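Enquirer: Have a look at this one before I ask anything.
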Amino acid sequence: MSGISVTSDTRVIGGPDEAGLVNLGDFEVKGVVNRGKNGKRVSTWDESECNYETASAASSASLGSDESNELNESSGYNSPGNEGDIKCGGLGGLGRFSGLCASDGVGAEGGSVDEGWEADDSARFYEAVRIGDSEKVDELLGEGAIVDVDEPNWNVSGDPPLLVAATNHCYEVLRVLLAKGCNPGARSPRGETALHRAIINRGPFKARKFVEELLKHGCSPGVKEAGGGLTALHMLTRQLAHAYSSRVPQVEFQEALETLSLLAKAGAVNEKDHQGRNALHILASSVTFDNCRPEIASVIQVLLSAGGDPLLKNDRGETPLHEALEFGALNTADLLIPHTPTGLTSRYGETPLHIASRKNYPETVEKLLKLNENPRTQDAGGNTPVHLAAARGFHQVVSLLMTSSLVQLEVTNDEGLTALQVAAESGFIDTVRVLIDSGADLTCIDGSIHHRHLDISVIIDQERTRRSENHT
C-alpha cells in the first residue's frame, strides 16, 4: 500500500467526532497515494480551518511547509463533504483521516494498513477489510481484538465485513472471514448476501471462486434481496443474459456457466422474484442474449438439468415460453417449446399460440401447430389466435392457422365478432381474402361494410355471388 504525504497544499476538513476515522495527530504520514480511477485532486490547505501546531505528526507530515505535493484519493469511497477532501478535525491538532487506500484503487486485493495506524481495533479491522489487507484481518481476528466479526460498519455503508470484502473483490479477506467463523448469511440493509454482492461487483464471468467459497461455507442461495426479490441466481442469469455478446471469450462464458451451475444446483433454481419469475423467466426476457443461440441452449440446459421448471408461472400466469414470446426472444422460445406442453394459458387466457399469432411470428405459429396447439382456444376476451392475427392484418399467420384441422371460423369473441368480421371492420383486405378462401361464413357481414371499406364490400359481394351460383 502507498502511504500519503500531507503538506501545506492539503485541505483537511471535518471534526474530531467522526467515529471510525484515523487520528492524524497520532501517526506518521509518508509517501504519496496513487491517483484513483476518478483522479480527483484534493483542494488546498487552509490553515485558518485546522490548527495542527500540536500534532505529533506535524514534522513528518511537513504540515505548514511550502511543499505542494498533490494528494489524490481513489475513486468510489469519498467521505462526506467535497469529493477528494480528507476528513480531519481542527481542534488542537486532533485530526481524523479517511484517505487510506490500496495502491491500485480502493478495495483492491493486497493492500495493508499503514504502520503508523493508531485507531481502535474496530477501525483498523474495518479499514483492513476494505482495502483487502487479509494479513491484518487475520491478525486482528487471531488476537481476539474483534468481538463481533459480523458487526456492520455503521459509519460507512452499514454492510457487514463479509459483504464489504465481496463488494471490493477482496477474495483473500473473504476467505479469512469465513474461516474465522463469520456468518456466511450476513445481509446488507437491502437484504443482500455476499453472494449477491460478489455477482453484482464481479459480473457473470469472474465471480466463480467467490460463489464457490460462499456456498461451501453455507451461504444460502435462496435469499432474496429487498428491491426486486432477486436471488443470486436471478442476478447472475440476468447479468449473463444482458452482458454476453459474441465478443466475450468462450473461456469466460464457460466460467460463467460453471458459476450458474453451482448456484442452480445449490437448491434455489425455482425461487421466484417479486414478479413471480424464476431464472428461466429472467433468461427468457432478454432479447440481447437471444442472438446467441448456442449459448442460450447451454444456459437453458444448465437450468433444466438443475431442476428448473419450464412450466412455472409468473404473477401474470405466464410460463418462460410465454415470456420469451412476449419479449420477442424467438430463439429462446424455440428452445423452450419442446419443454412446454400445449394448452397452458396465462392469467389472460392466452396460450403461446395466441401470443405468437398476436406478435406475427409465423415460424413459431407453425411449430406450435405441429405440436397440436389448439387454434380454437379463446382468451379472456373470447378471442382465438385467428381473431388476434386477423385484427392486425397478419394474413400469413392467418393462412398458417387455417392449415389446422382444429380451426373453427364461426367462433365469436365476447363482442360477438368472428375473425372475418374483425378483419373486414379493420380494413385488412388480404386477410379477408384468406378467410374467404378458407370458407368463412359471409352471412355475418352486413351492408354497412360498403360505406366503410368499399373494396372489401366488393370482394364479399363477388364471393356471395360465386357461392350462390355453385349452390344452384
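Cβ atoms are placed via backbone N, Cα and C, with glycine included.
Curation plays no part in TrEMBL annotations; they are all automatic predictions.
In case it's useful when we look at the structure, here is the feature table from TrEMBL:
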{"type": "COMPBIAS", "residues": "63-81", "note": "compositional bias 'Polar residues'"}
{"type": "REGION", "residues": "56-82", "note": "region 'Disordered'"}
{"type": "REPEAT", "residues": "157-189", "note": "repeat 'ANK'"}
{"type": "REPEAT", "residues": "348-380", "note": "repeat 'ANK'"}
{"type": "REPEAT", "residues": "381-402", "note": "repeat 'ANK'"}
{"type": "REPEAT", "residues": "415-447", "note": "repeat 'ANK'"}
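Mind mapping these onto the model and telling me what they sit next to?
Expert: Sorting the repeat 'ANK' (157-189) by DSSP state (H, G, I as helix; E, B as strand; all else coil) yields 16 helix, 0 strand, 17 coil.
For the repeat 'ANK' (348-380), the mean pLDDT of the prediction comes to 98.
The helix, strand and coil residue counts that DSSP assigns across the repeat 'ANK' (381-402) are 13 helix, 0 strand, 9 coil.
The list of residues near the repeat 'ANK' (415-447) in space but at least 6 beyond its ends in sequence, with Cβ under 8 angstroms from a Cβ of it, reads 381-382, 384, 386-387, 389-395, 398-399, 402, 409, 453, 455-456, 459-460, 463-464, 467.
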Enquirer: According to DSSP, how is the repeat 'ANK' (415-447) divided among helix, strand and coil residues?
Expert: 17 helix, 0 strand, 16 coil
Enquirer: Of the residues in the repeat 'ANK' (348-380), how many are helix, strand and coil by DSSP?
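Expert: Counting residues by DSSP class gives 17 helix, 0 strand, 16 coil.
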